[in-house]
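One structure is given below, encoded as C-alpha cells.
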Amino acid sequence: MATVVGRADGAAVGRPPRIASTLAVGLVVLLASLLSAPRASAHASLVASDPSPGARLESAPTRLELRFSEPLAARLSRAQLVDASGRPLATSMFVEGRRIVVEPRSPMPRGGYRLDWSTVSTVDGHTLAGSVGFGVRAPPLGSSGALAVGGPFDLGGLAGLLGRVLLYVGLVGFAGPLFVAVLLGARKPSQWLVPDVLGADGTFDGRTLARRRAAFDGVHALFGLAAVAGALAVALADATRAAGTFDPAAIFDFLLANRAGLGRFAAALALALAVLAPARRQGLRAGAALVAIVALAAAGHAASAQPQALAITALSLHVAAGCAWLGGILAIALTWWSLLRRAGDHRTRLLPAVLEPFGLVALPAFVLVVAAGTVNAVIALGSPKDLLDTAWGRVLLLKIEFVGFVALLSALHALRWRRRIAGAGAPARLVRRHWRVVRAQPWLVPPVLVASALLTGFALPPRQVAATLASADPFGCRGCPPRAPLPGELAVADHAGPVLVAAWVRPERGGRAAFELRLRQLRGEAFAPRPRVPGAERLRSCGPGCWQGLLTAPSEELEVTLARRGQRVGVARLPLAVAPHSADRARRLLTRAERRMRKLAAVREDETLTSGVGRPVVTRYALVAPDRLAFRFSQGGGGVVIGARQWRVLPDGRVESSPYVGRFRSASWFRWTAYARYAWLLRGDRRYLRIALFDPGTPIWYRLAIERRRGLVRAVRMIAPGHYMTQTFYAFDQPTRIVPPPPTP
C-alpha cells in the first residue's frame, strides 16, 4: 500500500519523490528515444506500373500490374479498371506481395482507360489512392498518384470523428484521475478528490463525504465505459473505411492482421481491462490505461513519422500527462461544482485539502505536456509556416490557444491568488475572482479534446504529406508524372523557350501565395539555373529544377524568367487568380462548352505548335459536321478527311489517298473533359470565362477562354512536354464547303 504522509494542515498527499521520479523517468525516456530512434518507412507508395502512366498502347493488354514500395494487405487493396465514360469493366484482381494484378475478363476495345487503385497502410491505417491512365490506340485518360488527404474526416468519416471525441473525453475523465491517484499515493481517485481530512476537522460530516465519493465513483465508471465505447467505435469506423464497405472479412483483416488495426483493438481491450479491474487494483487499472495510450500512439500518425520511436514516445507522454492535468481539473469540477459556487469556509477548506495536492501533479504534468507536445509539433510540421498554411496546422494552433488559456488560468490560481486568499482578511473581490477562475477551467477542456480528435482524423500531418508526395515524385525521374495538386492548390504551366515551367500555387492570407516551380527541358532533364521571379521572397531550391517561394503581394500573374550563362532562355507567365468554389463550376462550364462546340455545323481553327526551338508550325483547319476536316500547313501541304477516307496533299502538289483509321467525326475534335482530372475557374473578364485543366498522368495542362454570351470556346492554350500549342476558333456555323482535292494529273 502506498505510504501517505500528513501535512501540517491535515491534507493527505503522497510523497513528492514519487512524482519527481516518475516525471524524471518520462523525460529520460524521451531523451533516450531522441538519441536512439530509428527511421521508419511510412506508406506503400506506387513505384511503377505496367502500362506506365500516359502510355498509348497499340494492342489491348491482357494483364495490368501496379508495383508498390511495401507489401500489401490483400483484403484492403483494391483496383478498378474504368473506361472513358467512367464505367467499371469486368476484371479479376489479386495481390502478389507488393503487386496488384488486374486481368480484364474480355478484350478491351479502342479508347482511353484508367486503373484506379487504393491501399491501406499496415503501419497507421491511412489510405493511399491514385490512378494510372493509358490508352489503347487512343489518347490516355488522366492519372494521379496522390495521397488521400483532405481534412479531419479522412479517417472513418463523421463516425470516426465522433468516436474519437468520445474516446478522448472518456480517456481524460477516466485515466486522468487514476494517474493523479497513483502519483499522490491515494487508494483510488475519489480518495484524493474527497480526502478524509475534510471530515476530521468537522468541515463535512462522514455521510456527505461518502455520498460525494460514491457519486464520483459512478461518474468515473461512466467515463471508463465512454472510453471503451469510443475506442471500439474508432476501430470499427477506421476498419470499415479501410475495407471500403461493411465486409466482415476485410474488417477483421484490418483489426487483427496488421499493426494499425491491432493497435486500435489493443487500446479498446486495455481500456476494458482498466474499467473492469477491481477498484483496489489501482496500479493495474492505471497501467492498463497507459498501455491503451501507447497502443493508440503506436497505431496513429506517430507510427509513420520519422523518427518513429521518438514520435510514439513523445505522443504517449503528451497524452498521459494531458490526461493527468486536464482529467484532474475535470474531476475536481465534477466532484465539488456545487461547493465551488458557494462562499464560505467549506469552499476555502478545498485549497489545502484538494487543490494544493493536485497542484503537485498538475504543474509537472503541464510541463511534460508542453515538452512532449513541442516535440510532436516539430515532427509533424514541415516548417513553422505550416501552422497557418495548412488545415492541420490551424487546428493545432487552435488547440495550443485553448491549452494556453487553461494554463494561464491555472497559473493565476496557483501562483498569484491561492496563498493570498488562504489566510484571513483576503479581499472579497479577490476571493470571488479566484473561485471564478477555478470554475472556468473545466469549460476549456472539451475544446482541447475536440481539437485533438480533429487532428487525429487527418490522414497525415504536413511533414508526412510532403514526404509521401516527394517519394511519389522523385527529383530527376525522367518520365515520372508530376505530382497531383494538394487541396486548395492551383496547378498551371507555361513554357520559357524550350523549358516547361510547371507551378503549384497555394493562396494564403493577405493576398500572398506560396508556390512551387518544376523546370523541365525537352528530354525531361531538370533545368538547373536559378529562375528570376519578380515579387517573390524566400526563393529556395527543393531539388534539381525545383524551386519554392512566396509572393508577398497580391498578383494576377506569376512571371518566371529563365537564363543560362547570362543568355535569356525565355519567360513564362502563369495565371494566379482563381474564382471561389472553382472546381465544380469549371467542370460544369467545360462540359457545357464542349457540348456546344460538338453541335456546331462548321468552325475554323488556327493552331500554332512549337517545341520552343526554331520556327513554330502553323496549321489552319476547317471542320464541317458531321465528318469533314480540311487542313493546311504553313510550310506547304495539307489534307482532307471525309468519313473513312483521307487525302494528303504533299508540298509538291501531289495527292495521296488512303483509308482513314476508323471513321472521322467532327464532334470528336473537341475533347477537353478527358483531361479535366483537376479543374479551376480562373478570373476572367467581361467577355470570356477562363478555365485551367491539369492531368498529371499524361501530363498535360490546358487553359481555355470561353465566350460568356454563347458558351463557345474561342482560345485554347495547351502545354505538354516538348509540345506548346495555341488554338484559336472562329467562323462558328459559317457556311463552309469541304471536298476531296483533285487527283494528281
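Glycine residues also receive a Cβ, built from the backbone N, Cα and C atoms like all the rest.
Curation plays no part in TrEMBL annotations; they are all automatic predictions.
As written in TrEMBL, here are the features:
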DOMAIN    43-136  domain 'CopC'
TRANSMEM  165-186  transmembrane segment
TRANSMEM  214-236  transmembrane segment
TRANSMEM  256-277  transmembrane segment
TRANSMEM  284-303  transmembrane segment
TRANSMEM  309-337  transmembrane segment
DOMAIN    353-455  domain 'Copper resistance protein D'
TRANSMEM  358-379  transmembrane segment
TRANSMEM  391-412  transmembrane segment
TRANSMEM  442-460  transmembrane segment
Task: Leading stretch by Cβ pairs under 8 Å, where the reference is the transmembrane segment (442-460) and the options are 165-186, 214-236, 309-337, 358-379, 391-412 - done: 391-412
Task: Helix, strand and coil counts within the domain 'CopC' (43-136) (DSSP) - done: 3 helix, 52 strand, 39 coil
Open item on the list: If I count Cβ-Cβ pairs under 8 A between the transmembrane segment (358-379) and each of 256-277, 309-337, 391-412, which range comes out on top?
Closed with: 309-337
Task: Within the predicted model, mean pLDDT of the domain 'CopC' (43-136) - done: 83
Open item on the list: Tell me whether the transmembrane segment (165-186) sits in contact with the transmembrane segment (309-337), defined here as at least 3 Cβ pairs under 8 Å among residues 6 or more apart in sequence.
Closed with: yes
